[in-house]
Amino acid sequence: EPGQQSEDNRVQPPAPSKARKSLPVLDPSGDYYYWWLNTMVFPVMYNLIIVVCRACFPDLQHGYLVAWLVLDYTSDLLYLLDIVVRFHTGFLEQGILVVDKGSISRRYIRTWSFLLDLASLVPTDVVYLRLGPHTPTLRLNRFLRAPRLFEAFDRTETRTAYPNAFRIAKLMLYIFVVIHWNSCLYFALCRYLGFGRDAWVYPDPAQPGFERLRRQYLYSFYFSTLILTTVGDTPLPAREEEYLFMVGDFLLAVMGFATIMGSMSSVIYNMNTADAAFYPDHALVKKYMKLHHINRRLERRVIDWYQHLHINKKMTNEVAILQHLPERLRAEVAVSVHLSTLSRVQIFQNCEASLLEELVLKLQPQTYSPGEYVCRKGDIGREMYIIREGQLAVVADDGVTQYAVLGAGLYFGEISIINIKGNMSGNRRTANIKSLGYSDLFCLSKEDLREVLSEYPQAQAVMEEKGREILLKMNKLDVNAEAAEIALQEATESRLRGLDQQLDDLQTKFARLLAELESSALKIAYRIERLEWQTREWPMPEDLAEADDEGESGVGTSKDGEGRAGQEGPPGPE
């Protein structure tokens with residue numbers, strides 16, 4: 001029916017249309033953006049190196065024209081895709097990645113990068129229709145995309161595991177590009193002045209061997225290398241153009257030499273700084289031992305210890321290396337490296353993950369030399385040790401007899417850093433432990449453990465219970481002494497509770513006294529104010545004196561009046 005049909009048309013929603021998939025927004029610090037930057041290195045380097053070479057060596061341009069046209073327009077296509085990527089690359093605003101494409105586009109359009117990107121894609125190739133395809137200088141505007149090359153190099157330098165080697169390779173690439181450009185300009189100048197006109201220019205190509213393209217480029221590159229390295233042994237210039245070219249190259253060589261020396265010095269300094277950050281400086285220790293005339297045997301042991309650290313890349317100052325990282329990130333790095341080692345300790349098993357993370361940050365790596373004692377019997381135990389690598393022996397007092405050998409993953413000294421009631425050994429070491437070879441240990445001090453456990457009382461109780469079980473198995477727990485200590489602790493706690501109650505009572509009484517004092521002070525203030533209002537109505541002394549004076553003068557006047565009245569009038573009746 002018509003009515004039913006119109007109702008159906010009104011109720012049914014329109015068929016959903018297929019949404020077009022748009023390109024995702026790239027994170028500028030992500031992997032996809034990084035690999036795209038590395039892809040853009042090839043077209044930029046192609047234009048920086050090949051275009052200049054084609055413009056100065058005509059044989060190179062004419063011999064491979066089709067290949068150059070294919071590579072030119074392939075690089076243009078990548079340039080165009082790079083602009084598209086720029087419109088889909090987010091940016092940080094108040095620390096949050098902006099993924100709104102409208103905001104990204106508006107921000108990109110307002111930057112100089114957008115103008116340079118557009119200028120680098122201006123279709124100057126249309127001039128080929130008038131000048132012919134053998135004028136590659138029309139593509140020099142492609143050099144404006146060079147900032148992408150520098151950005152790619154910066155990202156790679158921060159990501160690579162060998163930044164110093166990458167800096168040296170980058171410096172060598174810059175040197176090659178400068179010499180390459182200079183060799184191309186040299187050959188172009190020789191072609192302008194005329195080949196073979198004097199000893200300074202390129203020889204006449206009519207001579208055998210000098211007509212080949214490879215010979216032309218290698219000769220120009222060699223000549224430019226001699227000039228820019230200031231080695232000398234170059235023919236003297238004969239014309240003004242040659243003199244100007246040589247002067248410009250010498251100035252460029254001076255600046256290049258200073259740049260190279262500065263860059264190499266920076267690389268060497270960074271390498272030394274990195275070594276100093278990872279490994280302790282042994283030069284200061286050697287000088288100290290020399291000044292104090294340390295015996296040769298001990299000095300040899302110290303030098304061997306430092307040598308072991310450098311050869312085997314052992315680090316003893318991890319805390320200083322990671323100190324600039326945020327606390328949470330530093331904890332994650334330390335957990336990923338050391339958590340498996342810490343979780344092997346029995347008293348730390350089944351503890352909270354946050355507790356283990358804080359303990360991991362407290363681990364101090366230590367390296368012991370062959371024959372060095374880690375601890376001796378009777379020493380006060382202030383830390384526990386976890387064996388990361390190497391072997392240690394439990395030896396007798398003579399230092400020779402071995403009772404047991406401890407390997408990687410084992411630990412000792414954990415009982416001494418936990419105050420367990422009834423521990424018969426107290427905090428004293430019960431054995432001599434000596435390193436058989438070079439041993440890497442992790443050290444956890446009692447102070448660090450106490451600082452961490454102060455925030456985790458439940459974990460502290462669990463660890464003390466595990467330590468008590470271990471002492472029971474070793475028959476080193478005095479149950480009576482433990483009960484006595486527990487009773488003493490309970491009595492002390494009871495007294496403390498009583499003192500707390502008395503203190504609360506005193507505080508209550510003191511509060512009442514303060515309240516009464518404040519009430520009395522208010523009452524006194526009210527009374528004083530009331531008396532002040534009352535005294536304001538009293539006559540002042542000056543007013544009283546004036547009143548007395550007026551009274552006296554009034555009395556005399558009345559007496560005189562009475563006398564005159566007695567004389568003049570008749571006396572009144574008595």
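Backbone N, Cα and C atoms are what each Cβ position is placed from, and that goes for glycine too.
Under the heading compositional bias 'Acidic residues', TrEMBL lists 543-552.
According to TrEMBL, the domain 'Cyclic nucleotide-binding' annotation covers 347-453.
The region 'Disordered' annotation in TrEMBL covers 1-22 (among others).
Here TrEMBL flags 537-574 (among others) as region 'Disordered'.
Residues of the same chain lying 6 or more positions beyond the ends of the transmembrane segment (33-57) and with a Cβ under 8 Å from any Cβ of it are 26-27, 68, 71, 74-75, 78-79, 82, 85, 89, 135-137, 139-140, 142-143, 145-146, 148-149, 151-152, 155-156, 159, 177, 180-181, 184-185, 187-188, 191, 213, 216-217. Annotation comment: TrEMBL describes 33-57 (among others) as transmembrane segment.
Residues annotated as transmembrane segment in TrEMBL: 171-194 (among others). Here the transmembrane segment (171-194) has Cβ contacts under 8 Å with residues 48-49, 52-53, 55-57, 201-202, 216-217, 220-221, 223-225, 227-228, 239, 241-242, 245, 249, 252, 256, 260, 263-264 of the same chain, all six or more residues outside its ends.
Annotation source TrEMBL lists transmembrane segment at 243-264 (among others).
When the domain 'Cyclic nucleotide-binding' (347-453) is classified with DSSP, helix, strand and coil residues number 20 helix, 40 strand, 47 coil.
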